[in-house]
Structure formats: structure tokens, C-alpha cells
């Protein structure tokens with residue numbers, strides 16, 4: 001789950017991280033009133049969307065008067081902001097964060113993530129802040145600093161000292177950086193975050209460090225422990241189909257292709273998407289119905305897939321372990337009769353009650369294309385949409 005910048009800063013401040021502060025606007029009629037509350041020489045108007053690259057796309061504006069700030073805020077509110085991380089149509093700006101400007105001496109990059117390849121928490125930092133870290137890693141990898149934290153020992157003083165040293169901080173700034181590392185680590189662990197990113201972390205002209213921008217992504221599996229964080233969820237920023245799927249207990253991610261996929265198990269789902277690409281088409285989605293899906297969940301899964309207007313065909317690939325193939329077959333038929341599947345549908349079943357499932361499908365009277373293995377299924381669905 002993602003949250004907005006202003007929410008991320010609120011959390012970080014609770015853990016002792018110094019951040020820039022501002023005021024939130026969620027209604028156009030509140031813009032002027034909100035800006036009037038700020039007394040500063042420089043105003044920074046920031047679009048609050050769940051995507052990076054806002055600055056380059058015009059979603060962050062720096063102005064030097066209240067009147068300019070009001071005009072910029074009114075112009076920005078409600079637009080569709082297009083960045084390299086949004087869909088082509090962009091993301092609608094329903095919220096603004098208006099801050100006082102800062103005097104910046106130097107910008108740094110600092111983040112903490114769970115490194116799945118190393119199975120541990122890893123700090124990533126760089127003296128090149130305020131830009132895309134992927135670009136820095138590609139062009140000047142030597143400027144990327146990494147420190148991994150052994151899960152058996154947790155954060156140690158040498159991690160904090162090492163990061164401060166590698167970034168070139170000394171004396172009081174090194175002390176400040178050590179405290180920031182400790183605070184960010186505690187926030188990461190205690191909130192079950194997947195990533196905390198501060199970009200840029202700045203040195204002000206007075207020598208103090210400040211988080212000028214912040215992003216936090218949370219592990220959805222840990223949200224049940226944090227109702228206060230779950231309450232920060234902004235459904236307007238999420239794909240409505242993904243929200244609908246989550247409410248139905250389904251794992252769904254829209255991919256932008258033309259073949260809808262319904263699979264049980266994340267590994268099998270990824271293999272299914274790969275083989276669709278291999279045969280010359282593109283998956284429209286990742287959809288894992290889970291191991292204990294019933295008839296109604298299967299029906300809802302197909303409805304969600306068909307809600308995507310880009311879908312030209314559907315591939316159902318089920319291995320019946322915990323799940324029974326006859327239940328899947330009944331769900332497919334119920335969905336087909338209820339909503340009317342007008343695109344080619346290929347079904348590959350294997351495992352528990354597979355013969356019964358195949359019999360149910362063949363006797364349904366519906367135009368369902370059976371497949372005997374994964375390659376056969378991919379070949380048939382790609383051929384069917386051409």
C-alpha cells in the first residue's frame with residue numbers, strides 16, 4: 001500500500017526524522033484560505049499522487065508570493081498529471097501539499113528497503129539526490145552506497161557510522177545522519193514497511209539535515225496490525241479493479257495487455273504470463289484466485305477480468321491441489337451464463353477432480369476451448385484472438 005508524501009512525513013516525524021512541513025488541501029475552495037495561513041517568502045505547491053517524477057511533470061512548483069501560490073494551486077488541482085510512473089492518461093490530482101521553501105546547500109538520496117535477493121533489510125544512499133536513483137545506478141553505480149542489516153543482530157552503530165561517513169558527513173552532521181538512520185530503521189520495522197525513501201535528503205544553509213520529500217510503501221500482509229496506517233489508504237489513487245479484487249480476496253494487478261489470466265498460485269500465474277509473451281501476446285493482468293477459492297470467487301474473478309476493456313481473450317490455468325477443478329468449472333459456467341463471455345475462453349485444468357471438471361465444461365454447451373497443458377493453452381488463446 002502506498003500513501004501520500006504528507007502522510008509519509010507525518011509518520012517519519014513521529015519517529016524523530018526532521019522533515020519539511022506544510023498544509024494539506026483536498027478541496028479547491030480551501031486553497032486560498034490554506035495558503036493565507038502560511039507566512040513565508042517561498043511557497044512550494046506539490047501535487048499529491050502515488051507516482052514519482054512529479055517535479056519533471058509539473059507537479060511541484062516553487063513560487064515567491066501568495067498570489068502566485070494561489071494561482072498555481074488552482075491550476076494544478078484537478079488536472080491529470082502524467083509522469084513516467086503513471087498510466088498514459090495520468091493521475092488526477094485530488095490533493096495538494098503546500099510547504100514553505102527551504103534554502104538548499106546539498107541534496108542526497110536515502111532509503112531503506114527489504115532486499116529479497118539478500119533476505120535482509122538494506123539501506124541505499126547516494127550523494128546524488130533529487131534525481132531518479134535508477135538513473136544514478138545506471139550511469140554512475142559507484143555513487144550508490146549499500147549497507148545490509150543482518151536480521152539476527154538488527155541495526156548496529158557501525159551501520160549508522162558507515163552511512164554517515166560514506167555520504168561525507170562530519171561532526172554534527174554525522175551525528176544528525178546517525179539519528180536519521182536509526183529513526184528511519186525503527187519506522188520501517190515497526191510499521192511493516194516495504195520501502196521508505198527520502199529523496200532528497202538535504203543539507204540546509206544552516207547545516208541541518210532535512211527530509212524534503214518522502215515516500216513510504218507498506219507490506220499489505222502487515223496492514224491488519226496497523227489500522228491507523230490502513231486508514232491512510234486513498235482509494236482514488238488505486239486502480240478500481242485492484243480495489244474490487246482485494247475486497248473479494250483476490251490478488252489482481254492490471255498489466256495492460258490483451259489476454260486476461262485467471263490462475264491459482266503466484267508462481268503459476270507468473271509462468272502463465274511468461275508463456276503468453278513467448279507465444280506473441282501480452283497478459284492483461286496478474287490474477288491469483290488463491291488455493292481455497294469457491295464458486296463465487298471464481299465468478300467474481302472472471303467479472304473483474306472482463307471489466308478491463310482491453311481484454312480480447314481469457315486463459316484460465318488451474319492446478320487443483322487444495323482447489324477442486326470441478327468447483328472451478330462450475331464458477332466458470334456460472335460467470336459465463338451470468339455476464340456473458342463474448343471473448344475466446346481457453347481453460348486448462350489439472351489436478352484434483354480434473355476429469356469431473358472437464359466433463360462439466362464439455363457438457364455446459366458453452367464455447368469453451370479446452371487445453372491439455374500450459375503450452376497448448378497459450379498457443380490456443382493467442383491463436384483465438386488473431
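Any Cβ shown, glycine's included, is placed from N, Cα and C.
Note that this is a predicted model, so its numbers are computed, not measured.
The record from Swiss-Prot ties 53, 54, 55, 99, 102, 107 to ATP, and of the options 46, 64 it ties 46 to that site too. Going by what Swiss-Prot states, the substrate site holds 321, 322, 323, and the candidate of 247, 258, 264, 379 recorded there is 264. Summarised as a single figure, the pLDDT of the domain 'ATP-grasp' (9-244) averages 93. Among the binding-site residues listed (199, 321, 322), 199 has its Cα nearest to the Cα of residue 99 (ATP binding site). For residue 102 (ATP binding site), the nearest neighbour among the listed binding-site residues (199, 213, 264, 321, 322), judged by C-alpha distance, is 213.
Put plainly, the binding-site residues 102, 322, 323 were compared by Cβ crowding within 10 Å, and the winner is 323. Residue 53 (ATP binding site) is 35 Å away from residue 264 (substrate binding site) when you measure Cα to Cα.
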